[in-house]
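Visitor: First the structure, which I've put down as structure tokens, then a few questions once you've had a look.
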Amino acid sequence: MTIALGKFTKDENDLFDIMDDWLRRDRFVFVGWSGLLLFPCAYFALGGWFTGTTFVTSWYTHGLASSYLEGCNFLTAAVSTPANSLAHSLLLLWGPEAQGDFTRWCQLGGLWTFVALHGAFGLIGFMLRQFELARSVQLRPYNAIAFSAPIAVFVSVFLIYPLGQSGWFFAPSFGVAAIFRFILFFQGFHNWTLNPFHMMGVAGVLGAALLCAIHGATVENTLFEDGDGANTFRAFNPTQAEETYSMVTANRFWSQIFGVAFSNKRWLHFFMLFVPVTGLWMSALGVVGLALNLRAYDFVSQEIRAAEDPEFETFYTKNILLNEGIRAWMAAQDQPHENLIFPEEVLPRGNAL
């Protein structure tokens, strides 16, 4: 039996190899295969947002002014969600709603679905970009894993939550004041601040901020002095290969402060990764629960006692009354097509207000 040994030769003009060589070439701005998703989607998402906040009204969907052209500023302009009557339509420009009419498409809220979907794929493309670059330079993929947390929050809030409700209308509009209103909506209709997943998210974000502040200050405090410059930046050579701070000194300091301290840098930095990422993941999971209208903590015994005893009140019962007020105002304003009329006896009342 004869075995022929030889080098397998591919066609030098293979289209995939040509594209791979060009996309992954070392240049000032890396493109990569992920860039085929990232750059177009980011361009269209940002372009749609700037177009909407500059020119497009929300009169036909929310009865609001939402563009610079109508007198809004950076904090009050927004790309608003489609009307509730349009449910979960993708609102394609060539779809049955707009029928290819760009002006009508903007009036119906088509820019919101355009920005939301391109924004989601743009964020995913950015995560893939980090993964692709990490593979290219033989790094571990923890940057991409960390970036999955804000992606999870974006997808859960802007896509999964409204999919669980009656339409895109109940997603946040893309604007600063619009996001604030959405937060108030979440509180009034879902009692979000008393949701354990929100609590884990807050603990993760604020805990991460605390860890960053402590870590940065500790590193600055324990820097090795290897120059006589006036400050940190002048006293050190930015290309030095040696260790720049003393982990041993930092460990001794925090051992005395707290009684415990991180013993090595790997565990320390993994913890700084774990806290915010887990917090954001948990928060995203909580929003998925809200899409299904799962409730937060209910302390019914306190509500019953507060209803029976005008002298009994807790911060919880006060907040419940505030939530009722938010619902009474927002439901009538946000859903005028429902013709919601609240009689006096169902409006918030009691010794809390």
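Each residue, glycine too, has its Cβ placed from N, Cα and C.
Because the structure is a prediction, the values reported are computed rather than measured.
Features from Swiss-Prot:
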MOD_RES   THR2  phosphothreonine
MOD_RES   THR2  N-acetylthreonine
TRANSMEM  41-61  transmembrane segment
BINDING   HIS118  chlorophyll a ChlzD2 binding site
TRANSMEM  125-141  transmembrane segment
BINDING   GLN130, ASN143  pheophytin a binding site
TRANSMEM  153-166  transmembrane segment
BINDING   HIS198  chlorophyll a PD2 binding site
TRANSMEM  208-228  transmembrane segment
BINDING   HIS215, HIS269  Fe cation binding site
BINDING   HIS215, PHE262  plastoquinone binding site
TRANSMEM  279-295  transmembrane segment
Visitor: Based on DSSP, name the secondary structure state of PHE262 (plastoquinone binding site): helix, strand or coil.
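Guide: Going by the DSSP assignment, PHE262 (plastoquinone binding site) belongs to neither helix nor strand, so it counts as coil.
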Visitor: Looking at 125-141, 153-166, 208-228, which one has the highest count of Cβ pairs under 8 angstroms to the transmembrane segment (279-295)?
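Guide: Most Cβ pairs under 8 Å with the transmembrane segment (279-295) come from 153-166.
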Visitor: For the binding-site residues GLN130, ASN143, which one has the sparsest Cβ surroundings, going by other Cβ atoms within 10 Å?
Guide: ASN143
Visitor: Any same-chain residues 6+ apart from the residue listed as 'chlorophyll a PD2 binding site' with CB under 8 Å of its CB? Would you list them in sequence order, or say none?
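Guide: Counting only residues 6 or more apart in sequence, the Cβ neighbours of the residue listed as 'chlorophyll a PD2 binding site' under 8 Å are TRP192, SER283, GLY286, ALA296.
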Visitor: Please identify which of HIS118, HIS215, HIS269 has the densest Cβ environment, defined as other Cβ atoms within 10 Å, among these binding-site residues.
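Guide: In terms of Cβ crowding, the pick is HIS118.
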Visitor: Round to a whole number and give the Cα-to-Cα distance in Å for the pair GLN130 (pheophytin a binding site) and HIS118 (chlorophyll a ChlzD2 binding site).
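Guide: That separation, Cα to Cα, works out to 18 Å.
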Visitor: Validating a neighbour-count step here. Other CB atoms within 10 A of the CB of PHE262 (plastoquinone binding site): how many?
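Guide: There are 19 of them.
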Visitor: Write down the Cα-Cα distance for ASN143 (pheophytin a binding site) and HIS118 (chlorophyll a ChlzD2 binding site), rounded and given in Å.
Guide: 22
Visitor: Looking at the binding-site residues HIS215, PHE262, HIS269, which has the shortest Cα distance to ASN143 (pheophytin a binding site)?
Guide: HIS269
